[in-house]
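Q: Right, I'll just put the structure down here and ask away after.
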């Protein structure tokens with residue numbers, strides 16, 4: 001199974017002109033594009049009172065413009081594709097990958113964004129201000145800017161070590177081929193995850209009713225993944241694409257705190273970038289591909 005499976009057109013991006021070089025000009029263009037689009041859409045939602053919908057409807061209303069502008073930035077400005085909303089699979093003006101990203105707004109909102117609405121915690125913990133969604137500046141600071149940061153996950157591939165690690169980590173069959181430097185990256189990631197545990201201990205105390213739901217979600221997801229991997233072990237490989245990683249981490253950010261809002265927006269940026277760059281590929285890939 002190659003890095004660019006399934007097969008794509010000979011002139012597809014990627015693999016052509018990949019990885020892209022980082023550019024200050026392109027970053028500024030993307031920042032302006034995202035903020036202008038998000039601000040205009042935010043003003044429209046506020047004017048039409050759609051922002052008052054609770055809780056999932058307002059989240060679903062906000063996500064499509066973030067997804068569209070993020071896809072445009074990665075596909076057109078960073079990767080240089082034309083048309084702007086095309087994909088590596090299709091030169092269509094609006095690709096199926098872009099449409100799938102927008103349609104996913106509903107399920108994605110249910111995984112995390114709909115739970116960011118301020119609520120009273122059971123114990124002392126800093127929560128988002130009541131004006132978080134309704135006020136543009138707080139929404140931009142806690143959400144739009146971190147989302148823009150997440151869109152730059154693509155530039156990790158400009159480093160050969162990070163690219164090599166990124167090609168192996170999502171595919172369990174390749175774990176035995178980790179080099180020492182790649183294992184160091186893995187250890188650093190594990191330490192970073194462990195460092196977050198104390199913060200989540202405070203969230204357990206502050207929002208005790210949410211954890212059984214999260215536990216059930218991850219238990220069912222892991223069980224389904226293991227079962228499918230076992231049933232298809234002779235014909236398919238597991239490829240846990242990074243857009244899926246961004247989505248799977250969303251429930252862990254489903255708490256109305258500033259830290260969770262920022263982390264959630266970064267995850268959404270990674271989710272968007274993964275689909276814009278590579279497409280919404282399946283987690284199980286045929287061995288022959």
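One-based numbering along the chain as shown.
In case you wondered, yes, glycine gets a Cβ from its N, Cα and C as well.
The transmembrane segment feature in TrEMBL is assigned to 21-44, 56-78, 98-116, 136-156, 177-201, 213-232, 244-271.
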Q: Can you name the far-off residues of the same chain, 6+ from the ends of the transmembrane segment (213-232), with a Cβ under 8 Å from a Cβ of it?
A: 238, 248, 251-252, 254, 283-284
Q: Between the transmembrane segment (177-201) and the transmembrane segment (98-116), do 3 or more CB pairs sit under 8 angstroms, pairs being 6 or more residues apart?
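A: The transmembrane segment (177-201) and the transmembrane segment (98-116): touching, no.
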Q: Looking only at residues six or more beyond either end of the transmembrane segment (56-78), which have a C-beta under 8 A from one in the stretch?
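A: That would be 20, 26, 29-30, 33-34, 37-38, 41-42, 45, 50, 84-87, 98, 101-102, 104-106, 108-110, 113-114, 116-117, 133, 144, 147-148, 151, 154, 268-269, 272-273, 275-277.
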Q: Given a Cβ distance threshold of under 8 angstroms, which distant residues of the chain, six or more beyond its ends, lie next to the transmembrane segment (21-44)?
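A: Same-chain contacts beyond the flanks: 50-51, 62, 65-66, 68-70, 72-73, 77-78, 136, 139-140, 144, 147-148, 151-152, 155, 158.
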